[in-house]
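Look at TrEMBL and you will find 91-145 tagged as domain 'HTH cro/C1-type'.
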Amino acid sequence: MPTGRMSGNITQDWEPVVLRRAKPKAADLKSAKAVNQALRTGAPVETVRKAAAGTNKNASAAAVAAPARKLDEMTEPAGLGRVGGDVRAAIQKARVAKGWSQAELAKRVNERAQVVQEYESGKAVPVQAVLAKMERALEVKLRGKAVGAPAPTK
């Protein structure tokens, strides 16, 4: 009898291993190949005809856009206030009285010339800080009730 490390009956205790395929993904089931395979085998195939298929139109987009726009109009202000005519005239009158161009006024208030031009044309949304700088440079009131009156100097 052989003696050694392996004595006794040697048996294999293996359990069967079953390999399965992964379930097909939804995109794979919708492919033309999968649909044709299902038709050949007689499996049920569901077909749905879409209303605007193959067109560049989206019927629901127009229906959704109108209520969203109405909601925005009801909750948001229609537009931001612009510089009033009296403020525009006061800026121009004071600037011309000092003999400054728009570019020179812009340098003195540390803003771009385009900002001064927008204030004088009435296109700008008034910012209190910019108006305050212009008041100090031009020495004219641009805010409050007495627009155009000489500003008190300190």
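A Cβ is built for glycine as well, from the same backbone N, Cα and C atoms used for every other residue.
Mean model confidence of the domain 'HTH cro/C1-type' (91-145) amounts to 91 (pLDDT, 0 to 100 scale). According to DSSP, the domain 'HTH cro/C1-type' (91-145) comprises 35 helix, 1 strand, 19 coil.
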